[in-house]
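Everything on this sheet refers to the single structure shown next.
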Amino acid sequence: MPLLVFAAIAGISSTPAVEVIFKLFSKVELTAFYPDRAIKTNQDLLPETPWTHIFYNDFWGTLLTHSGSHKSYRPLCTLSFRINHAVGGMDPWGYHLVNVLLHAAVTGLFTNFSRILFGDGYWTLIAGLLFASHPIHTEAVAGIVGRADIGACLFFLLSLMCYVKHCSTRSSSASTWGWILGTGVCAGCSMLWKEQGVTVLAISAVYDIFVFHRLKMHQIIPALYKRKNLSLFFSIGLLTSWGTALLGVRLYWMGNKPPSFSNSDNPAADSDSFLTRTLTFLYLPTKNLWLLLCPDTLSFDWSMDAVPLLKAVSDWRNIHTVAFYAGLLLLAYFSLKGSGNERECNGRSVMNGKQNANGHSCHSEVEYKTLEGKSSFASKEENGIKRHEIQKLQLPSTENIVILSLSLLIVPFVPATNLFFYVGFVIAERVLYVPSMGFCLLVTVGVRALYVKAQKRFLKNLVFCSTAALIVFYGLKTVVRNGDWQNEEMLYRSGIKVNPAKAWGNLGNVLKSQSKISEAESAYRNALYYRSNMADMLYNLGLLLQENSRFSEALHYYKLAIGSRPTLASAYLNTGIILMNQGKTEEARKTFLKCSEISDENLKDPHAHKSSVTSCLYNLGKLFHEQGHYEDALTVYKEAIQKMPRQFAPQSLYNMIGEAYMRMSRLPEAEHWYVESLRSKSDHIPAHLTYGKLLALTGRKSEAEKYFVKAIQLDPTKGNCYMHYGQFLLEESRLIEAAEMAKKAAELDNTEFDVVFNAAHMLRQASLNEEAEKYYEMAAGLRPNELVENVVVQQT
């Protein structure tokens, strides 16, 4: 909050306060919250990924032309994330620092733009403080992905300011074409931060017609026939052409197809009833306006049933819809029609451009100096000042500001209304970041009008104090809301009352990561109570149960998850693993095969899907390998390589291919894949052990020993590493050393029968019979029925 207040003041006074800003604000809004797909698992952020991929993939790292792409093309935002990642990795502080700085810059620019409308004085400061303190901005600033809205708004304002400069220099300076070029470039950049940025071109046109030229609706058509307005319509033509070109390129680049979303993302869009869709879509802007006006209840997510569908005309919320559109139309009508002779200017009343009883005319301070000594507006050039130059210095009327404010409120919001295409949300608070500028201007001009109409000093003070109280209320709510964004647990708990299904589900993930297993299970079950068909929650509950060895229950929930979403590859994967461990190899084989055949078409996260499919094929190959079907295993492994996504870690897959070739005595091929495994992950312990065995088998003993020793150095707590090294030493007749390795392995893995039994065998080979007897007894305690059989085998 202090940062934004300083930014608002800086928009007027231009006084630098950077060091103070950081000290005051850095303690408030730094949080460790990332959406996984945009940051944590987005391959476009990694240095090994060519940076040009950013311009072909969507915001989440999926190829833009893929059928499952979100179609959110925001390369400049993703590029900023990549720079953050290059500088600070996954440290959240740097990401939030950039968000805060961008938000401060937007606040300063907005306040500076407000000065064009309200002049120097309290009204500009009020507009800036309203924007600075509004709680609706919390998600955009505190949530990392909200940077897309902040960056788009920054270039939105830069484009608009460039166009304002173009208007003021259009008839008197050659530099005006530089300003119109800047308008177009900044508009394009705004769109590359987020799609709604292109709407600044429409706002620029509204500014030119209704604010700069002060035309009323009935004056626009006659103005077409006046030669002096050719420059106006030429500028509007340029804006229209550039906007059309940007939209055309954008549509072409995303494959000329709109995105598709699930029922939970936007339930109204999935409704079969035209009446339900119409009533709900008409109501949603009303709900968004209420969030701007009274942001008492905020949530990180408004999908699913957060806003119940309006299914009948008798729904009482339709009254809100009618009142909203009626008020909007009346406000637009009277503003476009224009008022009578009296208008307000910066808190003073003006009649026909003359001073009223307050002794204040409708000009800025610069205009006063310009017009000093003049008795009236002259149509001829006088003292080097032309009439149109004097007109430019005048502040716009209340009606003109209302038109611009309504445009700023409505036009950037239009892409989110489902009017032209369905969107992937019901309500998103961050989407209101740009429209909130129009709201703040509208409130400010409304307060100013009330202040002017008030005749008594008491009423004027009441209006002023009420406005100050509103700003304080917004500021306090922002501070409280920032507390919700301090960590994920607090954020999800705050959203339970709005969207209980989504909030409980996400809270379950957080509690599970904190090892609060029983609480996590309860959270998942609460989520399913509110929405029983959520495939993700069914899967997460199954995963929790599987990790706690409750395999039968886990299988039940995996099957429910697959029933709810037949393309959920991760559920097939874990089902197959449980069946394989239970010895149900045929069922496991069928499950893995079915998973491998699922296409990634129309899936939101094709990368995660491909990873699960690759893991399924890997496990299927292991199943064939354990059954001695090495050729079949190799066929499946190679299919896994073909389907393997870029982010998949292949070292285990490569190592298993080497193992299959090893069993088939095709040692050169085995060595090739062991080396590939180590090349993909140099500290992969299983590859060190298997490659060491191959080197020993081919007579490269000293080299083999280095790999066994390296495996132990990589993880000294892994008994398996000592056991493999001990077996190597045993084959080299270094019995005492082998016995020491065996004892170490048995100490570390004293619950593993094979490790303990082999340790006893090595000790016996080294003639350490007493210690061998001790470990045979330990093995007998682990599997008493198998000990005699194993002893006979060893003696044979």
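Placed from the backbone N, Cα and C atoms, the Cβ positions cover glycine too.
Look at TrEMBL and you will find 256-328 tagged as domain 'DUF1736'. The repeat 'TPR' feature in TrEMBL is assigned to 501-534, 535-568, 569-602, 614-647, 685-718. Per TrEMBL, the feature transmembrane segment maps to 93-110, 144-164, 229-253, 319-336, 401-425, 431-451, 458-476.
Secondary structure by DSSP for the repeat 'TPR' (535-568): 27 helix, 0 strand, 7 coil. Within the same chain, residues 1, 126, 129-130, 133-135, 295, 443, 447, 450-451 sit at least 6 positions outside the transmembrane segment (458-476) and bring their C-beta atoms closer than 8 Å to a C-beta of that stretch.
Same-chain neighbours of the repeat 'TPR' (501-534): 264, 299-301, 303-306, 488-489, 492-493, 495, 540-541, 544-545, 548, 564, counting only residues six or more beyond its ends whose CB sits under 8 Å from a CB of the stretch.
Long-range Cβ contacts of the repeat 'TPR' (569-602) within its own chain (Cβ-Cβ under 8 Å, at least 6 residues beyond either end) map to 66-68, 260, 535, 538-539, 542-543, 546, 551, 554-555, 558-559, 561-562, 608-610, 612-613, 615-617, 619-620, 623, 627, 639, 643. Helix, strand and coil content of the repeat 'TPR' (501-534), in residues and according to DSSP, is 27 helix, 0 strand, 7 coil. Below 8 angstroms of C-beta separation, residues 41, 43, 49, 569, 572-573, 576-577, 580, 585, 588-589, 592-593, 595-596, 606-607, 653, 656-657, 659-661, 663-664 of the same chain, each at least six residues beyond the ends of the repeat 'TPR' (614-647), sit close to that stretch. Per-residue pLDDT, averaged over the repeat 'TPR' (501-534), rounds to 94.
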